[in-house]
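Just below is one structure, and these are the notes that go with it.
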């Protein structure tokens, strides 16, 4: 059991680092689990990869609790109004995922949750990040404050989030890319991605957990500990990564992540080719 818990810690670190950076946590977990794989059933592993996101979500809620809490003591009437408006934008941005991503999730997972499609998605969106950043160089963003983001923009960002239904896309990558295309600053894009992740990832993790049990699966005590340890690790690592990204985007663009995605995608393609041959 100790070895399984050590693996859970390692996978929790991978989740915490890659969930909020636009690099695809799914792609990383699949690559890492080729070498560091939990000795558990396939059904458990599929559920594990999603449910440990709860730790990452709780990190967002911890860091931004005062900003996201409309009942926070000391907030003015205007502050409370802005908080409710922010939540309204988040809810509106969730609508496309509810209407499109949820019904199609199982189909995309069955047909695209493999190394080659994930590698291609990594490369395609890596190129997109580099292209968008080069295109926007010298152009001032139109939206530099979340309070000034329109509901229409929030809805369109939600449409971009639907693209993350393709494994390897990266939920944060799709929403950040969409927000920048729609004229937001990098800071606004990152912040809204964090907030949008709360209901999206809570809902997705909840659906995966419910489906796991409805399919007749159960959890033994070892699996409970594995989920708990990985989620707590993802939470602690996410606290650091979220703060890093919010500071990073104030001085840098996302080009470096574009190159990283291309390199990782190429590595996955080479690895898939080698395993196919041998």
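Every residue, even glycine, has its Cβ placed from backbone N, Cα and C.
Taken from Swiss-Prot as is:
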TRANSMEM  44-64  transmembrane segment
TRANSMEM  84-104  transmembrane segment
TRANSMEM  112-132  transmembrane segment
TRANSMEM  187-207  transmembrane segment
TRANSMEM  224-244  transmembrane segment
TRANSMEM  254-274  transmembrane segment
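The transmembrane segment (84-104) makes no contact with the transmembrane segment (254-274): fewer than 3 of their CB pairs lie within 8 A, with pairs spaced 6 or more apart in sequence.
Against the transmembrane segment (254-274), stretch 112-132 shows more Cβ pairs under 8 Å than any other of 44-64, 112-132, 187-207, 224-244. Among residues of the same chain six or more beyond the transmembrane segment (224-244), those with a C-beta under 8 A of the stretch's C-beta atoms are 1, 4-5, 8-9, 11-13, 15-17, 19-21, 38, 40, 48, 51-56, 58-60, 62-63, 194.
With a threshold of 8 Å between CB atoms, the same-chain residues lying at least 6 positions outside the transmembrane segment (187-207) that come near it are 19-20, 50-51, 53-54, 56-57, 60-61, 64, 68, 86, 89-91, 93-94, 97, 102, 105, 141, 143-146, 149, 154, 157-158, 161, 171-172, 175-176, 179-180, 242, 245-246, 249-250.
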